[in-house]
């Protein structure tokens, strides 16, 4: 143990690199605590059984042979000499949680890389290989996403979900003993191939740099389970994804190389609850290379200086894996680190047990103010494309909101929820996300109006314009945002979701095992980080939803007089409508929002076939209550389908 608290709480040295903090061997008590940690994790299905492992290994073997066969056939079609055709090779590499050895029970997805020799082009992968897959009986749900940041083919092979990326090397053949960790394999490659190789290279380098694989894997399983239960596991939403959590755990293993998992989990929270962000976390020093590829370096790249929680990948070219993290999401994670430290301290002192660490975050009791973000489309296919794009841009909305001078935290819940019956009837297929807001206390006794219009409008414009650019914008695709208070959430969510539960029964846990790690992908955005609560599919009290426009909020803290122009008619919250602006009146003691917010449809320049909706809405403040009113003129050609759809079921 270090002699000073400074050494204990903050690793020193170049970019946080230092010698191990402790080399002390584990005690009998450490072994006991680690065994108790294992027992606490078992009900959550974090340990893979041998039958599942064998099935995945078999599928990967078949896929590897399939790739080699395709590459050989391609060589023949391109009239390569027989001596080369027989030796061209080709290989499948895995990365991510499967390669790290922390795959969970019931989680069937595998991240894989297809490495091909120089005669194979990327167009071949997305054309001839795609067609070869299409003709296989074992292959289901085949789809290609060529315009993604890392282009990928997604499919199910004998029941196992595969995300397959592609890279060709500047080599005539690909041997079975190829080592991708060698930087020379990046020579003369385009950026898309380098990105594809990066996943495998980073995963292998993490495994090489940890002192004890068994302790690393058990600790990572615990940290990933904790992160999912506490709602901070989602790269796409601005939290951390699997590779980032793996690197943080690997760093703790380096600092405490002899410690067992129970100690490592506690030290994980100790170190990162006190980490001096934005000081980066690195597993090794930044290396120079003859390839001169762009690497993360704030001394050279001005944009790197704005990263708020940098965690740097150890394989060349080193990159920041957390560029999506914002000030708000970092604040939420640091708060969770601090809670984790308090809980694990109690556990190690014998005052609590490990199940407390994995208690779920009660997000819907945490805040007083929320924004409900709704994405809807008329058909299931359009809805899947639409929510993939919307979800990938929610972090833009979080950034817009947290830049508002009156907002201290904009916390998005990574889990999405299906719409209720009213939303289904009027909008077709619906998904909802919830953002908790914390307003700054007003410094003066004068009431203040907080205008969120620009932040919301900028977000919706971004989504619609990108959808239009990608040619996926269809009639019926809408984004709507509604401001609600905590006590109004029951109009959107079932009572079971809103209940304040300190512990979840083991029977409930076993039913939700498959929801601890799931993937939804659209437009090249992977949501493997987000976990879905299967219990959330139950529709909320839809019969009362329309009443939200007349909710009684006449409490002492919100009672006020606000003048408004005369309004006629009434809109229910489920109606598509447009807000000309959002101004939130603020009391002297606390920012109290009392207005329902609706966002507009596509901006000028974005066209939707058949779309002809004109909406006008004014928000009126009356003493003790608020009303939504205005007129709605809509001409939607397609009727909403009656079938209910939950994206969590995918």
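Cβ from N, Cα, C; glycine included.
Worth saying up front: this structure is predicted, and the values here are computed from it rather than measured.
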Students should find that the transmembrane segment stretch in TrEMBL, chosen from 211-230, 231-250, 251-270, is 231-250
Here TrEMBL annotates region 'Disordered', and of 409-455, 456-502, 503-549 the range meant is 503-549
Here the Cα-Cα span from residue 242 (ATP binding site) to residue 163 (Mg(2+) 2 binding site), rounded to a whole number of angstrom, reaches 15
Model confidence over the domain 'Poly(A) polymerase RNA-binding' (362-422), as mean pLDDT, sits at 91
Same-chain residues at least 6 positions away from residue 224 (ATP binding site) with a Cβ under 8 Å from its Cβ, in sequence order, are 46, 97, 102, 233, 242, 245
Same-chain residues at least 6 apart in sequence with Cβ under 8 Å of the Cβ of residue 111 (ATP binding site), in sequence order, are 94, 95, 96, 97, 98, 99, 163, 165, 199
Students should find that the Cβ of residue 95 (ATP binding site) has, within 10 Å, a number of other Cβ atoms equal to 26
Around the Cβ of residue 163 (Mg(2+) 2 binding site), other Cβ atoms within 10 Å, all chains included, total 22
Expressed in angstrom and rounded to a whole number, the ATP site built from 95, 96, 97, 104, 109, 110, 111, 163, 224, 233, 242, 243 spans a maximum Cα-Cα distance of 20
